[in-house]
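Heads up: the structure comes next, in structure tokens.
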């Protein structure tokens, strides 16, 4: 069943560019990070997390909703307690901007990517670095597979698939003609979606590592891509100021959401699939709901 979306509300939570937006697992809150060095939790009330000394590139909840992980150009990754809104832990070791950080599905590990050409795995409890995966160039993104056994990374024009247990690269996907900015596993782990400065979104089979589809329609850099919980639809956002929804089976665009007046940097979909959140370089956060 196709879902069509309309704008629910727009908010201005930061005085500078909003770099990431993510729903809480229960869908009642969104968390944003910004060039203003702050993290905001938007729910019934607005809360702020202070501590980073540089641009915050990413912030997201743990799967139980009790913790937040964030990363910054200050080269640190920080863990926060949602209830007290206090910093619990600081992970230090990267020697350049940290571009992404996320919890493993079970919340025991944190994976981070950095311009220092590494991905690092950290023990969430102790803050110790457990493993390191070396790249040849700056790493833009890293994400866990749904079963927590693999990582997928975006580095230059290539996508790497990594076996965590054996600390080795087991696959490389190279079809993009520009820098790969984001990568994500489908909810069932069978496919990977990637987006790039080449204006395309590509869908890959994780087992055969073959490109299944190329989704074209954006007229500028595609900054983010994410799956709906059912795995049948994906949503993307771009420097062309639009958000687009795509039917994966048919490989076609099903809706374009317009309204942002500048580059749309990140998007997320709530776990029930009924709300989309987006953020832009012009400080705005938008929530989109079902028609």
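Think of each number as a place in line: the chain as shown, counted from 1.
A Cβ is built for glycine as well, from the same backbone N, Cα and C atoms used for every other residue.
Curation does not apply to TrEMBL; its annotations are automatic.
If you check TrEMBL, you get these features:
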| type | residues | note |
| --- | --- | --- |
| REPEAT | 11-41 | repeat 'WD' |
| REPEAT | 49-90 | repeat 'WD' |
| REPEAT | 91-132 | repeat 'WD' |
| REPEAT | 132-164 | repeat 'WD' |
| REPEAT | 173-214 | repeat 'WD' |
| REPEAT | 215-256 | repeat 'WD' |
| REPEAT | 257-291 | repeat 'WD' |
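Remote same-chain partners of the repeat 'WD' (257-291), defined as residues 6 or more beyond its termini with a Cβ less than 8 Å from a stretch Cβ, comprise 3-23, 25-27, 30, 32, 42, 221, 223-230, 235-239, 241-245.
Break the repeat 'WD' (91-132) down by DSSP state and the numbers are 0 helix, 23 strand, 19 coil.
The list of residues near the repeat 'WD' (49-90) in space but at least 6 beyond its ends in sequence, with Cβ under 8 angstroms from a Cβ of it, reads 19-20, 22-26, 31-35, 37-41, 96-103, 105-107, 110, 112, 114, 122, 124, 127. Averaged over the repeat 'WD' (91-132), the predicted model reaches a pLDDT of 97.
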